[in-house]
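Chemist: Sharing a structure, written as structure tokens. Questions coming.
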Amino acid sequence: MAPMLRSVLFRPETRLLTVRCLSNKNTASSGSEAGAGNPLRPRANALTDEIIRVDHAGELGADRIYAGQMAILGNGPLGKTIGHMWEQEKCHRAQFEQLIQQHRVRPTVMTPIWNVAGFVLGAGTALMGEKAAMACTVAVETVIVEHYNDQLRQIMESPNPDKELLETITKFRDEEQEHHDTGIDCGAEQAPFYQAMTEVIKFGCKTAIAISKKI
């Protein structure tokens, strides 16, 4: 494996991401709260437990997809665009890693597989060209936006809606929609076999979501 690919795939960045992405929130806290770290909360109910588990898995996969794209296309014309989307995905992942700890939610056992599969999907489509990479982005973000919309409806219809989770998912949904639109603007629909490729990727994402909800 090339050194660049190895460094991106296996970089130990989780705790650093959490610090960077949540720094503004932490600095806004009082001194006693900042020193307390991330306090544990009551154990999540069944809906919150499922949402945090599957969204953590999804944002991990998205992070690795953009890491794979950056490993191939990072020095090209789309490098800055992909880099911007990747930075947002890193913050999404860090937020759900914090929620996993605070609510004491068990991560999916599929985490190691999604880590590798996401990177391979991102790098593989990037090797097919910039438009294919953007087609991958459009397919993945289409599924994620629909998935987040379903979760927002579930939360709002629940007896005691978690307002913080509602706000977090709404914000992330809007950013995922931005990524989808960026992919379209960057020529995703001009990729070879666009329809077939995006349908396969969508199916894979939906399958990963269904599995991550339960195990």
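Cβ from N, Cα, C; glycine included.
Copying in the features that TrEMBL gives for the protein in this structure:
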type	residues	note
BINDING	GLU59, GLU89, HIS92, GLU176	Fe cation 1 binding site
BINDING	GLU89, GLU141, GLU176, HIS179	Fe cation 2 binding site
Chemist: What is the separation, in Å, between the Cα atoms of GLU59 (Fe cation 1 binding site) and HIS179 (Fe cation 2 binding site)?
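Modeler: Cα to Cα, GLU59 (Fe cation 1 binding site) and HIS179 (Fe cation 2 binding site) are separated by 13 Å.
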Chemist: Could you list the residues of the same chain, at least six apart in sequence, whose Cβ is under 8 A from the Cβ of GLU141 (Fe cation 2 binding site)?
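Modeler: GLU176, GLN177, HIS179, HIS180, GLY183 - these are the non-local Cβ neighbours of GLU141 (Fe cation 2 binding site), listed in sequence order.
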Chemist: Cβ within 8 angstroms of the Cβ centroid of GLU59, GLU89, HIS92, GLU176: which residues besides those meet this for the Fe cation 1 site?
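Modeler: Along the chain, the qualifying residues are GLY58, ALA62, ASP63, GLN88, CYS91, ARG93, ILE144, PHE172, GLU175.
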Chemist: To see if you understand the setup: which same-chain residues, six or more apart in sequence, place their Cβ under 8 Å from that of GLU89 (Fe cation 1 binding site)?
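Modeler: Counting only residues 6 or more apart in sequence, the Cβ neighbours of GLU89 (Fe cation 1 binding site) under 8 Å are GLU59, ALA62, ASP63, TYR66.
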Chemist: Within 8 Å of the Cβ centroid of the Fe cation 2 site residues GLU89, GLU141, GLU176, HIS179, which other residues of the same chain have their Cβ?
Modeler: ALA62, MET85, GLN88, THR137, VAL140, ILE144, VAL145, GLU175, GLN177, GLU178, HIS180
Chemist: Hey, of the binding-site residues listed (GLU59, GLU176), which one tops the CB count within 10 A?
Modeler: GLU176
